[in-house]
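Taken from TrEMBL as is:
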TRANSMEM  48-70  transmembrane segment
TRANSMEM  90-108  transmembrane segment
TRANSMEM  114-132  transmembrane segment
TRANSMEM  199-217  transmembrane segment
TRANSMEM  224-248  transmembrane segment
TRANSMEM  273-292  transmembrane segment
TRANSMEM  304-327  transmembrane segment
TRANSMEM  333-351  transmembrane segment
Amino acid sequence: MSEAEQIPASASEAAASAVLDALNATDSNGTEALNATAKFVATPEGTALAYGSLVFMALLPIFFGALRSVTCSKSKNAADMPETITSRDAARFPIIASCTLFGLYLFFKVFSQEYINLLLSVYFFVLGVLALSHTMSPLMSRVFPASFPNKQYQLLFTQGSGESKEEIVNYEFDTKNLVCLLISSVVGVWYLLKKHWIANNLFGLAFALNGVELLHLNNVSTGCILLGGLFIYDVFWVFGTNVMVTVAKSFEAPIKLVFPQDLLEKGLEASNFAMLGLGDIVIPGIFIALLLRFDVSLNKNSRTYFYSSFLAYIFGLGLTIFVMHTFKHAQPALLYLVPACVGFPVIIALFKGELTEMFSNLDL
């Protein structure tokens, strides 16, 4: 969902399905007034920089998350196994997301926003540290020299004894992972104490990349069911009610990417943000990652469907921003992203004669 107001500077996944619920429950893109008497008017340069940066940041987790999803699908490490979304899950998800969204709306209406956001800050601090650590791990493996003393560790929790013993947690990690965890914890404390927009974006990018990497649609048909259902969900909750906008403004958590429109005037202390909800990144992103895995399954050394859907995402997001600024009204981004990301690859498959193969290919 996209929105064109201003938010204050102080505004502030663990199971993969829970992460996706949270992303859709608060999916938004916008800004809110600093006070009731005067609204910040962004310069054309500031607006262009903010939205250009948001588009660039949105592309990073989709591109690299899709590449990592191919490796992830072949991994035998339990810690890196993806969460597979079936057609049944996809059909139920818009209903679950709607209930979650409306539940949050009621919570913010009944209970103190301050205490709810305090609990959310602690919750997302833990998830953010784990997500950022997982994101950094492959990079750290390349940064550290071969001579680095990298010891192996194992975290094992079991239940019962003897023949009835059952593994609850079996996680293997090494010294490099501990370094990543330490760095991520520093960012987490920075976010928890300051709610700084850069710390917010580091966590947001980590959530988005992990979502695209670890949430796998099992086939294209499932992807169409999911995106079609969330297309209706997004349009209804944006145009039909004020629920999504209200929750998005009240929800202080790193489930959005932000970039200041007054960065040129105020530097890193800028306080008037353009905003893009992670739902507008992860939902199309997992479909684009699916198409990359489909490209790989064809064994043709071509990435036609991946690149076409990736370009379609850029087109759809750009169209969302254009319509939002033209009509000065919040826009459901999936209204533009879903037809673009699904339509472009389907048209190409139709012309190449691979449409049947695309929709009959299972367990990508």
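From the backbone N, Cα and C atoms, a Cβ is placed for every residue, glycine too.
A Cβ distance under 8 Å defines the sequence-distant neighbours of the transmembrane segment (333-351), meaning residues of its chain 6+ beyond its ends; these are 1-2, 27, 29, 223-224, 227-228, 230-231, 233-235, 277, 279-280, 283-284, 287-288, 291, 304-305, 308-309, 311-313, 315-317, 319-320, 323, 357-358. Counting Cβ pairs under 8 Å to the transmembrane segment (48-70), the stretch among 90-108, 199-217, 224-248, 304-327 with the most such contacts is 199-217. When Cβ-Cβ distances under 8 Å to the transmembrane segment (199-217) are tallied for each of 90-108, 273-292, 304-327, the top count falls to 273-292.
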